[in-house]
Amino acid sequence: MEAEKSKQNPGKKPVEATMEHVLVALRETKEKREIRIQKLFEFFDNSKLGFLDDTQIEKGLSSLSIPPKYRYASDFLKVCDSNRDGRVDYQEFRRYMDAKELELYKIFQAIDIEHNGDICPAELWEALDKAGIKIKDEELASFMEHVDKDNNGIITFEEWRDFLLLNPHEATIENIYHHWERVCLIDIGEQAVIPDGISAHAQRSKLLLAGGIAGAVSRTATAPLDRLKVALQVQRTNLGVVPTIKKIWREDKLLGFFRGNGLNVAKVAPESAIKFAAYEMLKPIIGGADGDIGTSGRLLAGGLAGAVAQTAIYPMDLVKTRLQTFVSEVGTPKLWKLTKDIWIQEGPRAFYRGLCPSLIGIIPYAGIDLAAYETLKDLSRAHFLHDTAEPGPLIQLGCGMTSGALGASCVYPLQVIRTRMQADSSKTSMGQEFLKTLRGEGLKGFYRGIFPNFFKVIPSASISYLVYEAMKKNLALD
């Protein structure tokens, strides 16, 4: 029998895999395998309906500790439901099991370079390394521990199958790594902090590229609102929204609404890269020896990483504000000349004017955003989903927009002070600017430009989300 031959010749490359090889690797007869698959189907079909729908699959996966947030249930239904009737009967379930076990056997054989019927840590590490995935020794040990149920230091095909059988995604080493990250390693429900696991992965550059393009498109689309917001923030009179729009149009026509957008877009990539790098450096410091930093640790690490990134790119932000608030009868100034004038006339410290209120607002914003996001998600589960499933992407997007708007509102006075300090060439301190605004304009002075800021939230978040998802598909990150 070919299956036996391939098993008995460790150094020989196996022939094309078949279900016969799968049965031999599992030490299982066709009858026993049929009974096992039938029992698994009945486990999901606990209502004895004879078919599986999205709710049954969701409940079954949840009972197996597979978080609903990763939409495995809908993906599983989509893969199994060959006739597209919205349910999975036993024959469809059976066909999925045949295809999945054969697929898992093929990649198991590819990783098992010794062809001795098991995967050792060195073989798993080599497979991950070839796929461009760099993981630490402790992460590799954790990977082995989660799959190796009998803790004998190797992974058999049965253990491999049990770990991956219900993962509906294609069995590539990259997808298997993602599955382990999601199910066993991390829980990335937070929106205001950097998720664990991303920076250790070789595809981080692709994720940063996708996020960078999404940010660039989003910022360009909402640039007129940003220009209007900044123009209103630096005003000390009640000029109003419409007169300000007319003033911008009168000075530079349509291009006036996009003044400073080039710098705003240019900030995206370096800011994201620095934030990820700083987060990775801070994680072991905050988490200690075990590396588990928890939600509060991630919030702190994310906030500090954001502060590092903000400090690094802050001169670009200040020059952007100067460009947007520059008033001249000869038109828009040249970027290089404006930067040179700041350096010569005000000195290098001027490029960090307003940094203090900017940094003060980072962690409060992230904390309010996170708390509001989780609260809104819980409310949506309780009132709309009746605790049956995790909110889908549209609900999560809505929760994110609302929580982001709330967080921004709470720290908005700091943003106004920062913008005014950036635009002002005099050496006014944060305290002096605060008192000047309070005495001259009252509390409403701290909220100038907040309405354009609100109106930015929905289009900005929606465009970012749609472009990011499209880029993930194009870059094969799903």
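Numbering starts at 1 and runs along the chain as it is shown here.
Every residue gets a Cβ built from N, Cα and C, even glycine.
Annotated Ca(2+) 2 binding in Swiss-Prot involves D148, D150, N152 plus, out of the candidates E139, E159, the residue E159. According to Swiss-Prot, D226 and L438 sit on the same side of the membrane. The transmembrane segment annotation in Swiss-Prot falls on one of the ranges 64-81, 208-225, namely 208-225. The most densely surrounded of the binding-site residues D148, D150 is D148 (count of other Cβ atoms within 10 A of its Cβ).
Sitting within 8 Å of the Cβ centre of D148, D150, N152, E159, and not among those site residues for Ca(2+) 2, are the Cβ atoms of V147, K149, N151, G153, I154, I155, T156. Tallying C-beta pairs under 8 angstroms between the transmembrane segment (449-468) and each of 208-225, 260-279, 303-316, 354-373 places 208-225 first. Take the transmembrane segment (260-279) and the stretches 208-225, 303-316, 354-373: counting Cβ pairs under 8 Å, 303-316 has the most. Secondary structure at D148 (Ca(2+) 2 binding site), taken from DSSP and collapsed to helix, strand or coil, is coil. Within the same chain, residues at least six positions away from E159 (Ca(2+) 2 binding site) with a Cβ under 8 Å of its Cβ are V147, D148, K149, D150. Tertiary proximity for the topological domain 'Mitochondrial matrix' (415-448) is limited to same-chain residues at least six positions away from its ends with a CB under 8 Å from its CB atoms, namely 230, 232-236, 317-318, 321-322, 325, 345-346, 350, 353-358, 361, 408.
Note on the transmembrane segment (303-316): residues 193-194, 263, 266-267, 270-272, 274-276, 278-279, 282, 351-352, 355, 358-359, 362-363, 366-367 of its chain, located 6 or more positions outside it, place their CB under 8 angstroms from a CB of the stretch.
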